[in-house]
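As recorded in TrEMBL:
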TRANSMEM  B:12-36  transmembrane segment
TRANSMEM  B:173-195  transmembrane segment
TRANSMEM  B:216-248  transmembrane segment
TRANSMEM  B:379-400  transmembrane segment
TRANSMEM  B:420-439  transmembrane segment
TRANSMEM  B:459-477  transmembrane segment
TRANSMEM  B:489-507  transmembrane segment
TRANSMEM  B:519-541  transmembrane segment
Amino acid sequence: MTRTHSRPLQQLGIALRILAAIPGGWAFSWGFVACGTAALVALGAPFHDAETALLMLGLLVFAGVFLWSFAARSVLRVCAVLVGGALLFNAAALLLQRAILS
Amino acid sequence: MFTSFRQSMAWLHTWFGLALGYVLMACFFFGALSVFDREIDRWALPETRFAPQPMPSFDKVLLPAFARLEADPADYALNMPALHDAAKGPQTPRQELPPDEYWAYTTHRDPVLAIGAGFRVPQPKDPGLENHIHANATIDPRSGAAVPSDQLKIGSQWFYPMHYSLNWQWQNMGIFTVGLAGLVMLVALVSGVIMHRKFFREFFTFRPQKQTQRSLLDLHNLTGVVALPFHFFFAFTGLLIFAGFYYFPVSQFQLKPLHDQHEIIEARETGLPHQRAGIPAPLASVDAMMAEAKRRWAARDMAGEVGFLQLHHLGDANGYVSIYRAGSDRVALVGEAIHFKASSGEVLREEPPRAAVPALNEFLTGLHLQHFEHWLLRWLYVLGGLLGCACIATGFIFFVEKRKRQHAAAGSPGARVVDALAVGCVTGMVIAAVGMLVVNRLLPAGLSGKGEWEQQIFWGLWLLAFVHAALRGAPVAQARINPAWREQCWAIAALALAAVLLNWLSTGDHLLQTIILEPYWAVAGVDLSLLAAAGLAALAARRLARREQRALLSPSAAPETEVVHA
């Protein structure tokens with residue numbers, strides 16, 4: 001482990017990575033599950049089949065982005081991708097749903 | 001900030017492992033006990049020590065038992081005001097709520113039968129919702145008599161929910177905490193593998209005679225790697241079981257319109273009515289429906305016991321009866337449902353085989369929940385769970401061993417605190433669980449609120465173990481072993497022996513009786529496991545004593561070589 005204790009900037013970096021990994025990763029995977037479910041339903045899959053498939057993938061995605069939050073060189077890029085991705089996925093899910101139901 | 005990829009993984013593994021390892025320890029230990037939850041129930045409730053029973057006659061046994069059910073007062077007090085529409089009149093009194101749904105569930109390991117009812121709120125705010133006030137009970141399926149409800153099923157109602165919710169119901173915080181711990185388990189397994197430079201060389205390395213720190217790390221890696229697929233599988237499927245309802249409930253949030261539309265389509269396709277018709281109708285013989293369901297399963301060449309039975313929209317023309325096949329011969333829980341019209345007994349629908357994705361989901365979660373009949377696999381699950389515990393516990397001790405000299409020199413309390421927490425959640429947890437069984441045999445069976453007492457004493461003993469470990473931790477601050485480890489091992493040995501003896505004294509079921517004279521393996525298995533635990537704990541205590549002696553004789557032992565880790 002690096003000697004990070006004396007450097008507030010590095011502690012902030014760790015705090016950001018933890019925030020990115022847990023709430024950020026959750027929001028991102030949630031969006032992924034919602035968007036993927038809606039997309040599979042749009043392709044003709046029954047709702048619960050689509051949901052189940054995406055739940056399985058979503059958990060693996062969550063574990064993956066959790067690891068990436070710590071492995072990535074730039075913490076800011078991690079935050080940008082996770083927050084941006086969460087917003088895009090959720091918006092896409094809503095749009096897809098509207099298109100399917102209309 | 002991290003100079004390398006491997007270092008970032010080591011940081012993650014160390015600190016998240018430390019922070020959530022305590023929770024994971026409880027998941028793995030109580031998960032391992034849950035494999036035999038029903039057997040522990042039999043041990044703790046001697047009046048239920050008889051052979052597992054098939055689903056009894058509905059018309060003769062179940063219907064009178066259902067008729068005796070009343071809506072649960074706590075559920076009524078909590079949910080009735082929210083569901084009832086006050087504008088339409090006063091609340092229907094609790095005992096006058098009409099039943100809308102009955103269910104009964106059993107497995108090949110259940111002598112007693114779990115049954116329940118959903119009572120209808122007659123004037124609901126939102127008629128589209130389910131609007132049920134529930135009742136749950138356990139009955140003796142041979143007579144229909146109720147089993148006293150203030151007696152706790154220690155296995156299936158305490159140890160089992162402990163492993164996925166920590167019995168912390170407030171806002172489902174327990175389930176979310178365990179969820180985070182499960183995710184961290186996945187992440188710790190991946191990062192742990194990455195940390196290994198010489199993964200394959202160290203695959204089966206164990207050097208028990210080397211220095212403590214080195215052999216600890218070997219044991220940590222061994223238990224982690226040998227059971228890696230097991231650990232990954234259980235963490236993943238555990239998350240999957242709760243994902244749709246708690247972790248990613250998209251179908252109840254932004255995709256609710258899509259989900260609701262699907263429900264309507266499905267109801268139309270299956271022909272099973274979603275709502276009551278409002279027209280009264282009688283109930284035909286459910287025994288005849290069960291016989292027909294078994295006949296149809298037999299025609300499809302499947303083992304034919306009824307596992308789950310559910311009656312919907314009771315007393316209504318839209319009422320139907322769903323009969324599910326027990327899952328003793330396959331991994332998925334219950335299935336091959338056949339639905340009958342309640343008023344006539346005609347078959348409404350026979351469920352087709354599952355599509356690929358739901359079948360995979362059922363297989364994965366079924367393999368986690370394992371209600372199928374396979375006793376060897378059941379024991380392998382226990383072994384896997386205990387290997388998980390060993391992996392986490394050695395992780396804690398390695399953390400302490402690696403730092404305690406450094407912390408002792410610097411006067412930092414870090415190692416001492418982590419060590420005390422580790423004692424409390426390794427040996428302390430076993431003390432709480434075994435102590436609960438001892439108390440179960442000491443308290444009289446007729447004591448009102450006996451289950452409450454058992455729960456309070458469980459928490460009390462666990463807390464006591466933490467306090468004891470913290471008070472006895474001074475030697476760790478001098479880079480020596482906390483004597484609490486040894487003392488709590490002796491406590492486990494004494495409690496486990498006492499539990500076996502008390503079971504004999506209070507019920508007459510000693511091992512000779514339960515193994516040879518009148519074999520009853522549920523109770524014999526718990527007794528034998530308690531004896532094994534007592535033996536292991538005593539062995540551990542004696543070895544710890546020897547180690548403490550050695551450390552006292554050579555206080556200035558050479559500093560252990562630094563191991564490249566974390």
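Yeah, the Cβs are placed from backbone N, Cα and C, and that goes for glycine too.
Listed as Cβ neighbours of the transmembrane segment (B:459-477) (distance under 8 Å, sequence separation of 6 or more from its ends, same chain) are residues 400, 404, 407-408, 411, 413, 415-417, 419-421, 423-424, 427-429, 431-432, 435-436, 483-484, 487-488. Taking every recorded stretch in B:12-36, B:379-400, B:489-507, B:519-541 and counting its Cβ pairs under 8 Å to the transmembrane segment (B:420-439), the highest total belongs to B:489-507. Same-chain residues lying 6+ beyond the ends of the transmembrane segment (B:12-36) with a Cβ under 8 Å from its Cβ atoms: 155-156, 159-160, 162-164, 166, 177-178, 180-182, 184-185, 187-188, 191-192, 195, 234, 238, 370, 378, 381-382, 384-386, 388-389, 392-393, 395-396, 399, 418, 421, 425-426, 429-430, 433, 522, 525-526, 529, 566.
Here the transmembrane segment (B:519-541) has Cβ contacts under 8 Å with residues 36, 38-40, 42-43, 49, 109, 427, 430, 434, 437, 486-487, 489-490, 492-494, 496-497, 499-500, 503, 509, 511 of the same chain, all six or more residues outside its ends. The list of residues near the transmembrane segment (B:489-507) in space but at least 6 beyond its ends in sequence, with Cβ under 8 angstroms from a Cβ of it, reads 43, 46, 49, 427, 430-431, 434-435, 437-438, 441-442, 523, 527, 530-531, 533-535, 537-538, 540-541, 544.
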